[in-house]
Amino acid sequence: DILAAFRVTPQPGVPPEEAGAAVXAESSTGTWTTVWTDGLTSLDRYKGRCYHIEPVPGEADQYICYVAYPLDLFEEGSVTNMFTSIVGNVFGFKALRALRLEDLRIPXAYVKTFQGPPHGIQVERDKLNKYGRPLLGCTIKPKLGLSAKNYGRACYECLRGGLDFTKDDENVNSQPFMRWRDRFLFCAEAIYKSQAETGEIKGHYLNATAGTCEEMMKRAVFARELGVPIIMHDYLTGGFTANTSLAHYCRDNGLLLHIHRAMHAVIDRQKNHGIHFRVLAKALRMSGGDHIHSGTVVGKLEGEREITLGFVDLLRDDFIEKDRSRGIYFTXDWVSLPGVIPVASGGIHVWHMPALTEIFGDDSVLQFGGGTLGHPWGNXPGAVANRVALEACVQARNEGRDLAAEGNTIIREASKWSPELAAACEVWKEIKFEFKPVDTLDV
């Protein structure tokens, strides 16, 4: 069975047992009345069952309802169908004030019907020939308004300065000021020029997201013809069907696939209603993607530390133990489905580097947009500052130093011999984003 943990907030007067049973019925075989065609099938075999209910500590009138869905209710290899069943009509149910899907347990038999990520973490490392450290990226800013040539120039400067990747922003598709084909050409030029000068393999996440699946595939084909290593897709706005098609194309044609989660906070940010991001992360691993944005813990975007680490492990590891202290409701086994690299991006700069290195470890991409391009000396020195800071943190960690306690000291020591890093440290020494997260663990 597929197991689901729902956070249910019933309307006043509705007992939790009734609410839980209603969720299970509406998202499987039930409807609002008894119908004579019920007698033509075996409802006992196909109905969803609410098998356990527990109150949420510290929250009045909220319950975690566990529901089991027979596997035959779902089409094989279709994230789209899985979500249509589990989170379809039921979220508009009048008997509930709010409903949130907190976690899913996907049985090994169903996981095996998915291709998963096009390549996975180890194959990506081998393609890039980069080991033993997080990868560095940069989102090109301003996200909208640059011409293709200026955009390509910014990519080149960042890659030349020491970054591994640059990135199209999620809303860069094919607008009047910069058509997709022009952008692809200038970015490919930036990649090849910087590769020749640095001797390292470089990439730019070319956003293939488009208004139709056919147009999206056309862009992916053109990227492959240019010989670039990686493309990008907005998987929630583009849709799971389009994303799975693109992931299959990427595996068949040797392209890595970077996934942006634009629109996720509409779905996952409220604590009592929606779908938790750990479920969207599992869905992405099944649908297919080699990278996905996962929050930073320390930057400008929402993300509580233990919760973030919980779904980062769901993305990377092969086997995950149940751990309610990190928001993981079920033990799960990915049966050798390739892992996804989490991408930390959003309001981060060199002073965050020790924390990011400690939190995310080697199998991650640390992406500094403003934290690269906002350097007072320009894009290339911004890239140099980030690379120096990263190398210093990785070396310190490998020497056994405590990054959490000594992080600032490590950065200051490195800035003594790197003027680019010293300038970056000076610019961002006061920048903080200190707001309480909306989505926290239940205590």
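Just so it is clear, glycine is given a Cβ too, placed from its N, Cα and C backbone atoms.
Now, the feature entries from Swiss-Prot:
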type	residues	note
ACT_SITE	LYS141	active site, proton acceptor
ACT_SITE	HIS260	active site, proton acceptor
BINDING	ASN89, THR139, LYS143, ARG261, HIS293, SER345	substrate binding site
BINDING	LYS167, ASP169, GLU170	Mg(2+) binding site
MOD_RES	LYS167	N6-carboxylysine
SITE	LYS300	site 'Transition state stabilizer'
### Message
Same chain, not part of LYS167, ASP169, GLU170: whose C-beta falls within 8 angstroms of the C-beta centre of the Mg(2+) site? Give them in sequence order.
### Response
THR139, ILE140, LYS143, ASP168, ASN171, VAL172, TYR205, ASN207, MET232, HIS260
### Query
How many Å separate the Cα atoms of ARG261 (substrate binding site) and ASP169 (Mg(2+) binding site)?
11
### Summary
Of all C-alpha pairs drawn from the substrate-binding set ASN89, THR139, LYS143, ARG261, HIS293, SER345, the farthest apart lie at a distance in Å of 37
### Summary
From ASP169, HIS260, HIS293, SER345 (recorded positions), the ones whose CA sits within 10 A of LYS141 (active site, proton acceptor) are ASP169
### Query
Three states by DSSP: which one describes ASN89 (substrate binding site)?
helix
### Message
Just to verify: the residue among ASN89, THR139, SER345 with the fewest other Cβ atoms within 10 Å, which of the binding-site residues is it?
### Response
ASN89
